[in-house]
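K.L.:
I'd like to ask you about the structure that follows.
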Amino acid sequence: MAENIHPDFERFVSRKGKEKLLGQNGIVLWLYGMSGSGKSTIATEVEKQLAAQGRFTVVLDGDNLRSGLNADLGFTNEARNENVRRTAEVAKLFASQGVITLISVITPLRRFREMARGIVGEDFREIYVKADFETCARRDPKGLYAKVADGKVANFTGKDSSFEEPEEAELILDTQKLSPTQSATEVLSLISGLSK
């Protein structure tokens with residue numbers, strides 16, 4: 001850390017105080033999987049259900065992040081690593097304020113997920129949104145798989161850029177079998193003990 005930077009988090013209202021105010025514990029729910037697997041759809045459904053319960057949430061979606069905070073990044077492994085690092089740092093800040101933070105980012109490599117877990121710490125919950133390449137290509141909600149087939153997109157996860165399935169995750173949602181509502185119910189069950 002540079003010599004002229006002196007972080008001081010103690011002078012602010014404590015995390016415990018903010019969590020008491022919100023009536024919930026901060027947590028990071030890191031949903032990852034290939035494009036079209038259902039990450040954003042599930043995150044949106046979880047957010048809606050938590051809002052209906054009076055819970056305060058934020059969704060950090062990969063496409064939204066790449067249109068702003070991470071707009072300068074491409075899709076090389078180095079750029080993807082930085083995308084995940086920045087996202088994890090922001091998620092950590094939200095969780096430290098008592099916010100239930102939903103992440104929807106592809107996060108294709110295990111080392112990226114390990115890095116995110118290391119940054120966020122004990123608030124991190126890894127949720128793999130599982131669907132095979134063919135299923136995601138059939139869904140193709142953004143038209144990306146069609147562009148890949150036409151050779152218009154390079155470094156595409158699952159095609160010419162690796163996607164590593166997890167060795168372990170707190171939750172695996174097989175969206176070839178579960179609907180978005182069923183998947184959201186599984187996520188809500190995972191965090192049901194967070195209320196204060």
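The backbone N, Cα and C atoms fix where each Cβ goes, glycine too.
Sharing the record's features from TrEMBL:
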- Gly33, Met34, Ser35, Gly36, Ser37, Gly38, Lys39, Ser40: ATP binding site (BINDING)
- 26-174: domain 'APS kinase' (DOMAIN)
K.L.:
Let me know how many other Cβ atoms fall within 10 Å of the Cβ of Ser35 (ATP binding site).
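P.N.:
The answer is 25 other Cβ atoms.
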K.L.:
Using a 10 Å radius around each Cβ and all protein chains in view, which of these binding-site residues has the most neighbours: Ser37, Ser40?
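P.N.:
Of Ser37, Ser40, the one with the most crowded Cβ is Ser37.
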K.L.:
For the domain 'APS kinase' (26-174), what's the model's average pLDDT?
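P.N.:
Taking every residue of the domain 'APS kinase' (26-174) together, the mean pLDDT is 94.
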K.L.:
What number of additional C-beta atoms lies within 10 angstroms of the C-beta atom of Gly33 (ATP binding site)?
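P.N.:
There are 28 of them.
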K.L.:
For Gly38 (ATP binding site), what is the tally of other C-beta atoms lying within 10 angstroms of its C-beta?
P.N.:
27
K.L.:
In the same chain, which residues outside the set Gly33, Met34, Ser35, Gly36, Ser37, Gly38, Lys39, Ser40 have their CB within 8 A of the centroid of the CB atoms that define the ATP site?
P.N.:
Ile106, Val129, Ala131, Cys136, Thr175
